Amino acid sequence: MAASSSPQPQFMTNTANRSLSNQPLIDDIECDQIVVPDKKSWKNIFAYIGPGFLVSIAYIDPGNFQTDLQAGAQYKYGLLWIILLASFAALVIQSLAANLGVVTGKHLAEHCRKEYAKVPNFILWVIAEIAIVACDIPEVIGTAFALNMLFKIPVWCGVLITGLSTLTLLLLQQYGVRKLEFFIAFLVLTIAICFFVELGYAKPDPSEVLQGLFVPQLKGSGATKLAISLLGAMVMPHNLFLHSALVLSRKIPRSVNGIKEACRYYLIESGLALMVAFLINISVISVSGAVCNSPSMSPDDRDKCEDLDLNKASFLLKNVLGNWSSKLFAIALLASGQSSTITGTYAGQYVMQGFLDLRLKPWIRNFLTRCLAIVPSLVVSLIGGSGGAGDLIIIASMILSFELPFALIPLLKFTSSKTKMGSHANPVAVSAATWVIGTLIMGINIYYLAEKLVTSLRDSNLGKAAKVLCGILGGSCLLVYLSSILYLAIRKNKEGTHLLALTGQEGLQVSDINNLPREDILRMQLPQQRTTN
């Protein structure tokens, strides 16, 4: 397909009938299609590799590093079980998101738009956009910390520079997004190897590590706050929209067996990608916990551990890298933040297209999101310095955890629905497990909000009337939060998916989805420079 010579508008909307919503939104960008052979072979898995690893980048972004470092420094190995729980939950949830896209040919945001009325759909879109901005805040601050370590640039100046860094990243991707992603992955893998090697020097007690992994414990409000941050940094709402859309870039055999194979291979691919992220997060917490709780630690390092953030964490790698520790850690931190920008851009495009049928050009979309993230990051870094900026990363991760139910519950409802998924709907055991996981995540969030409200009112110096008023306001907000979750959980699905493959007849070919793979999904990814005839 030759590229069109007409200029590309800044945004386009689909004004056609809803039945034509799969039509491409952009007509002048060429795209590569990955076709899965219509034959049974283990080699088919190579055609599916990509979406899961792209999604897993968000599990090792600066937000994860920050929460991991603080969890190890403050509670040693006591919160490792959160990483294990979150990784298991992420594997199950991300596989459900992939299944939704594979089976129905539509991603999660599109299903929400079709299923809910205008007002709930708009609210869900706003919440999803807030989640993307909250995810971008750690990337902004992580990039600013990296620039501070590399060039001694003040953190607040680094925050401003990140607005230009995203445009530079999009410019470089014109020369091949795959090459850039491999380079970034190499840098992040380098720092991961450094933490693995540092484990040999730190020598964490294996019995304590195993106890932290398999014995749940939360010692006080501070531990609950970090647990919520770890959950938010691991299981991100925007990743559910992202994964359900990325799988639509493959052209799979549209038969019952072909769909089952695609779901199985996407599960394997997600498992491999999330295993790497799990090991990296475990190693960061273990190194931080072992070094910061060592009796032989120097007074200077002990001061750093008391208020540990990304800007001070390079001393943890001195045993491996010596004087180069801060430089290499900064480069990997910069790579981690900028690689996460790619997933944030993709997710933002899919969310906007799915909920609103609206799509911005990639650089405009990314720049707007980055500007929204820069404002709070700049204010906090000017007032609180690097310590305040590090705390903002924790707050952003908590926001992600609080918003998770508004993406997770629709996903669980849709993938458990026979009218949407047919014979590919979740089995009873999977549905029960996913609802238990979701209930645990929501339970920790609600427990923290209620406890924080009570302790804040109890310890404040306000008068009785002011305390009562604040209690009513806080309780009302908590009630609205609970009511919104219950609405999504109790409401019955109304819209079905009309696919012949859902009948369960083996070998049946689907004739009414000839527009897969979704070319609009392919073209929504960041463009590469190509030659055309």
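Quick reminder: no glycine exception, Cβ is built from N, Cα and C everywhere.
On a predicted model such as this, the values are computed, not experimentally measured, just so you know.
Quick look at what TrEMBL lists:
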- 45-60: transmembrane segment (TRANSMEM)
- 80-102: transmembrane segment (TRANSMEM)
- 122-147: transmembrane segment (TRANSMEM)
- 153-172: transmembrane segment (TRANSMEM)
- 184-202: transmembrane segment (TRANSMEM)
- 222-242: transmembrane segment (TRANSMEM)
- 263-291: transmembrane segment (TRANSMEM)
- 328-347: transmembrane segment (TRANSMEM)
- 367-386: transmembrane segment (TRANSMEM)
- 392-412: transmembrane segment (TRANSMEM)
- 424-448: transmembrane segment (TRANSMEM)
- 468-490: transmembrane segment (TRANSMEM)
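If you look at the transmembrane segment (263-291), the same-chain residues 6 or more away from its ends with a CB under 8 A from one of its CBs are 44-45, 48-53, 55-56, 59-60, 64-65, 68-73, 75-77, 79-80, 83-84, 87, 90-91, 94-95, 98-99, 102-103, 192, 195-196, 198-199, 202-204, 209, 213, 234, 243, 247, 297, 301, 305, 308, 313, 316, 424.
Tertiary neighbourhood of the transmembrane segment (392-412): same-chain residues 62-63, 66-67, 70, 93, 96-97, 100, 108, 111-112, 115, 124, 127-128, 130-131, 134-135, 137-138, 141-142, 225-226, 228-233, 235-238, 240-241, 244, 309-310, 376-377, 380, 426, 431, 434-435, 438, 441-442, 444-445, 449, 481, 484-485, 488-489, selected by CB-CB distance under 8 Å and a gap of 6+ residues from either end. Within the same chain, the transmembrane segment (45-60) stays apart from the transmembrane segment (468-490): fewer than three Cβ pairs sit under 8 Å, each pair at least 6 residues apart. By number of Cβ pairs under 8 Å, the transmembrane segment (80-102) is matched best by 222-242 from the list 184-202, 222-242, 328-347, 424-448, 468-490. Remark: the transmembrane segment (222-242) makes no contact with the transmembrane segment (468-490), by the rule of 3 or more CB pairs under 8 A.
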